[in-house]
């Protein structure tokens, strides 16, 4: 095993990232040491780089969370992860590890807690596998945040519907796919050029979020279909007010629940008899680890085996290894649509 490895290091708040050498860590009892083959980028990565939010606790820092790679070594207590040489998907975030740079994704060797490491199917490339971890965790946490079990299976007789606002984003695409496994009738919003993609992922109807009458369009569709819509996931900023406008017309006297993935601003809009909950995993280590095991070893692993879930959205691969990460984050910050940026290592 290598004594040192390359990492894209954030030396101080504001960056820039630069490639340097770090000592290769040994896995703790519950860790998996992974040789990283591909990393996917998320908006929180450039927020941490540029603004230190979510909080970066230790500098120099290694950012990132989404990886696919090969198992190098298992911690002494790890029994649920395949052994050395196995291809895996891994959630490798330093945020939940006290800022430890040994756990960040943007390096050629990283540690990940075993609850977030599962086999990568042979049918998927490392680049395709890297898109899953944070987006799936966020999408699935939205359901448990509003009190749903991940083994829920509605039937058409139940007539349960959900609204997903921002469905062509990475999180949104997995929100749609997971909603399908839960048995919801799915109403989704996206830019028109992404409607076909969102439908292939499982949405029953997709609407242009920029349309001036999008609220009335969705309300009319819900009434026409005769379903009950009192559940929603706001994946993107700007979604809450139109979501509440729709629920006001569709929920009737039933209580409604909204999972909100962006941070809720002060003074955000509200609706009577409607819970609006910030979507974020528990900060309690025991509860979070249990939830991660349910998400990754339970739901995602099974869904990949059965083919109920696919890699989404479309990936844009950036070559150049770790040296390309900083510029790729700038590209993400400047805006991409219906695309997940992945850097091949």
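Just so you know, glycine gets a Cβ as well, placed from its N, Cα and C.
The feature NADP(+) binding site is assigned by Swiss-Prot to 44-49, 168-171, 191-194, 209, 244-245, with similarity to another entry given as support. For 1-26, the entry in Swiss-Prot reads region 'Disordered'.
Cβ packing within 10 Å was compared across the binding-site residues 171, 244, and the lowest neighbour count falls to 244. When the binding-site residues 44, 47, 168, 193 are compared by the number of other CB atoms within 10 angstroms of each CB, 193 has the fewest.
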